[in-house]
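Enquirer: The structure that follows is given in the form of structure tokens.
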RNA sequence: GCGGGUAUGGCGGAACUGGCAAACGCGCUAGAUUCAGGUUCUAGUGGGAGAAAUCCCAUGGAGGUUCAAAUCCUCCUACCCGCACCA
């Protein structure tokens with residue numbers, strides 16, 4: 001009777017599905033537990049071993065929780081809409097619809113093969129109209145609340161993918177998907193006002209979870225329910241991304257004009273050290289100043305300063321625009337800029353007139369796009385001043401009066417000098433007093449800035465949900481009436497992106513008309529105005545794939561409702577998600593977006609909570625033999641291959657044995673051999689069920705193992721849990737001839753139960769073999785006898801000056817200090833070490849050790 | 001530059017709150033069984049000294065705290081990940 005994984009696995013997979021074992025009654029479930037894993041985007045290559053790595057860990061936890069008595073809902077779906085899938089189709093020259101049909105089938109096949117307790121009756125794909133109908137519905141709600149808006153904006157343009165990218169999809173100036181350099185383009189885009197939620201997104205991180213959590217911390221269900229439970233690392237990443245910065249915003253007049261520039265600073269205390277100011281090249285005032293000059297109005301009015309080096313300035317702006325984002329944001333690049341000659345700004349504190357520059361290292365999108373430059377106390381300004389020979393005026397000294405700005409800027413806080421009436425104040429005092437001054441003059445106030453920017457939603461691509469907007473010449477921009485949803489994505493032959501121009505072909509201030517592939521489909525574009533009935537046109541952009549995935553977990557429990565995005569009662573019962581396992585790479589964006597959408601749902605009154613995930617756990621990266629897996633290296637592990645050869649159970653077990661889940665793992669083929677040995681060994685134990693021995697009586701090791709495995713699973717320490725099961729098997733083998741029939745059954749039953757989260761098929765088969773008729777997953781997780789897990793007999797360690805010199809075996813765990821000391825000093829070895837020395841101190845750790853300090 | 005992480009045998013990795021470093025597994029060595037080979041079983045396996053008992057040295061490096069440090073603190077080095085001129 002050999003272990004035949006292929007046969008066993010398909011047998012149980014079929015039986016599970018037939019019995020609907022993993023489809024809980026969502027309304028009647030008494031102890032709901034929503035066990036979610038990040039749904040994969042289906043590439044045609046199929047399920048990646050990295051997906052499987054994450055999924056089986058998540059499933060093992062879900063199965064453990066189920067056996068702990070919860071009604072576990074573990075759904076799966078496909079994040080099939082989006083650039084990644086579309087680009088793949090383009091690459092292989094097939095239509096995305098065909099590719100999707102194929103990958104969908106293949107993916108679900110694979111997902112069934114890995115043996116997770118997925119509810120295959122409740123799957124979703126983001127490209128199905130019944131799903132994206134609701135994605136569009138969300139857009140409309142956003143629009144109605146004024147949270148979806150259109151604006152002309154410089155956006156990231158990937159010339160290879162021919163589309164606009166979200167900031168998040170630009171990695172160091174390059175396209176996340178194809179690796180091409182990203183350029184800047186001025187175009188009209190749809191945005192979600194996530195910045196309105198910045199403070200809330202930030203604050204919830206603080207208030208809802210005060211515990212520092214990580215893989216080290218043991219978390220019970222009760223604890224997890226009390227708040228959001230994320231690792232500190234993830235929260236820091238979110239906090240950084242939101243990037244809150246508290247400072248001051250104030251106005252400075254431009255000499256001889258009616259214009260003012262607004263600047264933002266966190267170091268108002270250094271204002272007396274301002275020797276110039278800088279604008280970003282895109283700053284509207286620059287355009288305005290150039291324009292004023294064009295119309296020659298300036299000449300007639302004494303109140304109109306003019307840019308004297310106009311051509312130079314225009315040239316610089318043109319150059320800056322041409323430069324790709326990656327070049328422009330390259331921090332190592334020497335700072336460049338050009339003075340707006342003839343233009344001066346007035347420092348409101350000392351009325352000093354300073355030159356004004358434009359420079360490309362000033363970002364148009366952060367703060368006000370304008371800064372006061374204090375070279376003595378800001379390194380960037382310092383470098384710039386050195387290069388252009390601008391004065392460096394020191395205004396802050398540290399407390400001992402020391403400072404030096406000879407070689408670099410002094411950026412610390414300190415005490416003010418050269419600052420008129422503020423001299424002698426500390427930085428903090430000065431800032432307060434200066435704010436009062438600004439307020440009195442009504443030219444400035446405190447201001448909070450965030451790095452977080454509004455979420456650019458539109459994509460000039462085919463494979464996404466069409467943005468449900470209609471443009472009517474008379475009535476303006478209107479949402480598609482909800483009853484007309486979904487706006488179906490038309491089936492078209494040629495779905496290639498059609499954007500043509502590169503940004504350098506579009507001159508300053510001009511708007512590039514981005515064209516989506518949908519723009520060429522007349523039947524799609526031409527429609528009638530929902531308000532006046534006149535001919536109108538549809539929006540031709542589709543929405544970002546991040547929107548599809550920002551709310552999918554709301555849909556799973558309510559898939560049977562066609563008339564609403566989700567059922568409130570159902571949702572309140574199952575959400576927030578109890579456990580969410582996914583990649584660290586999504587710790588910023590996906591998490592942030594889905595938190596935002598959840599808050600929005602709450603504000604719409606659809607739900608009562610505003611954080612989607614009670615517990616989020618980020619798994620590490622799976623590598624192979626010390627190297628990242630990649631196609632170019634040819635070291636990809638194909639899960640199908642291993643499942644076929646070794647079975648899913650073995651592959652699962654091996655993936656979970658590799659190491660700590662939070663740290664990822666190093667796949668080595670040789671390790672599979674060891675796992676095979678172990679599984680076979682375990683399997684073979686069940687061939688002598690009927691054997692009867694004299695009985696071993698002491699089953700405390702069994703109880704201890706149950707306790708340890710339980711403890712490990714609770715804290716997601718899968719690898720050590722497996723190690724402990726291995727020890728258990730070894731223990732069984734040592735005693736195998738001695739168990740009584742009754743003991744044998746008990747010990748083996750518990751082995752099956754402990755194994756079941758890891759090797760579900762094998763466990764079912766063995767459970768049946770023992771003689772059970774019901775699924776092992778209807779069983780309760782084994783319990784241990786808390787009396788028997790107590791360590792009664794220990795090895796007492798004897799140290800002298802902290803070094804181990806002897807051990808005494810078989811000591812009662814509750815031995816007293818005096819008794820232990822007596823025993824210890826009487827040992828020959830210890831006598832040797834203590835000879836001629838006085839014991840100054842004796843440290844006794846009950847149940848562990850005794851240490852003599854001499 | 002900023003933020004986060006990591007460093008333990010030949011390898012993957014254990015060591016939850018400081019208390020027997022190296023659990024568990026791979027690999028390797030020797031032996032047994034089978035023998036075409038794999039499988040299986042037994043013993044051994046951090047380094048050094050020693051015939052042995054035993055002793056010394058070992059958790060990236062240097063200091064420190066402590067009776068006691070892989071674990072805590074300071075500094076340094078290397079690698080990985082994320083963000084990157086955020087005013």
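Yeah, the Cβs are placed from backbone N, Cα and C, and that goes for glycine too.
In TrEMBL, annotation is done automatically, which means it is predicted and not curated.
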Enquirer: Which of these ranges is annotated motif ''KMSKS' region' in TrEMBL: A:628-632, A:633-637, A:638-642, A:643-647?
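Expert: TrEMBL lists motif ''KMSKS' region' for residues A:628-632.
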Enquirer: Which bits of the chain, at least 6 residues beyond where the motif ''KMSKS' region' (A:628-632) starts or stops, bring a Cβ under 8 A of a Cβ in it?
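Expert: Sequence-distant neighbours of the motif ''KMSKS' region' (A:628-632): 49-50, 621-622.
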Enquirer: Taking DSSP as the reference, which of helix, strand or coil describes residue A:631 (ATP binding site)?
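Expert: DSSP assigns residue A:631 (ATP binding site) to coil.
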Enquirer: State, in range form, which of A:11-230, A:239-437, A:699-808 has the highest count of Cβ pairs under 8 Å to the domain 'Aminoacyl-tRNA synthetase class Ia' (A:451-658).
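Expert: If we count Cβ pairs closer than 8 Å to the domain 'Aminoacyl-tRNA synthetase class Ia' (A:451-658), A:11-230 scores highest.
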Enquirer: Which numbers of helix, strand and coil residues does DSSP report for the domain 'Methionyl/Valyl/Leucyl/Isoleucyl-tRNA synthetase anticodon-binding' (A:699-808)?
Expert: 61 helix, 14 strand, 35 coil
Enquirer: What number of additional C-beta atoms lies within 10 angstroms of the C-beta atom of residue A:631 (ATP binding site)?
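Expert: Taking all protein chains shown, residue A:631 (ATP binding site) has 8 Cβ neighbours within 10 Å.
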